[in-house]
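Feature list (source: Swiss-Prot):
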{"type": "BINDING", "residues": "G41, P42, N43, G44, S45, G46, K47, S48", "note": "ATP binding site"}
{"type": "DOMAIN", "residues": "7-256", "note": "domain 'ABC transporter'"}
Amino acid sequence: MKHKSLLQIKNLHVKLANTEEYILNGINLNVNQGEIHAIMGPNGSGKSTLSKVIAGHSLYKVVKGEIIFQDQNLLNYTIEDRANLGIFLAFQYPLEIAGVNNIDFLRLAYNSKLKFNQRNPVDPLKFLEIVYPKLKLVGLDESFLYRKVNEGFSGGEKKKNEILQMSLLDAKLAILDETDSGLDIDALQDISNAIKSILKMSQFKQSIIIITHYQRILNYIQPDYIHVMYKGKIIKTGDASLANQLESQGYEWLASE
């Protein structure tokens, strides 16, 4: 069965806004519906920059190339509209939002997407019916909804909150930027199981890009493709076995090829 193309990145060159410093130097990447891609590489290779550029972060300027998502040129869309189109970015360090309950934050995001799609917003009672099954899916209890956004959360709770948002917003493309960072083995297993449950619920139609330094999350969520970035370029693409090679040999052997 041939899968439909979801994301196409063509010859993407990016620099920091208001500077001449290039960070991405000709990225090409194709992600089909239902695929899992992992992007690995040393610090400073451009992995996180790529995720933020896809999401529409204003810190970066696209100088050349295209980002096509569901046949739409993302460069014509704001960061908010990209999210409403179905792109979700989970941050390595989720932000705390003082004074805002998690449930209010989540309902605001959910209703924003409904409005973008010209649908009526849901009231608080209806939203509870929607969010409860999602809580169970990621292993959180109801009290979690009434805590302030990420305030006093453990590392695992912050990451679970991100995965809860991913499920609630029914993301077509989820970009997980070092979601495994700072997690112990139990928390990593919990997060991985939650992600796999979400994929199963979507009938494996959601696509995921996992950005990571380490192989361990890929032991739980097996990617279809692994891409290695170095100095702003994808220099090698392979299957899941490439992660094992990188774990044992590092990146220098690729840089010298």
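Indices start at 1 and increase along the chain as displayed.
Each residue, glycine too, has its Cβ placed from N, Cα and C.
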Out of these binding-site residues, N43, S45, S48, which one has the fewest other C-beta atoms within 10 Å of its own C-beta?
N43
Taking the domain 'ABC transporter' (7-256) alone, what is its mean pLDDT?
91
Translate the DSSP assignment of S48 (ATP binding site) into the three-state scheme.
helix
Near G46 (ATP binding site), which residues of its own chain have a C-beta under 8 A away, given they sit six or more steps off in sequence?
I23, L24, I27, M229, K231, G232, K233
Within a 10 Å radius around the Cβ, which one of these binding-site residues has the most neighbouring Cβ atoms: G41, P42, G44?
G41
Three-state secondary structure, which DSSP defines for N43 (ATP binding site)
coil
What other residues of the same chain, not counting G41, P42, N43, G44, S45, G46, K47, S48, have a CB atom within 8 A of the CB centroid of the ATP site?
T49, M229, Y230
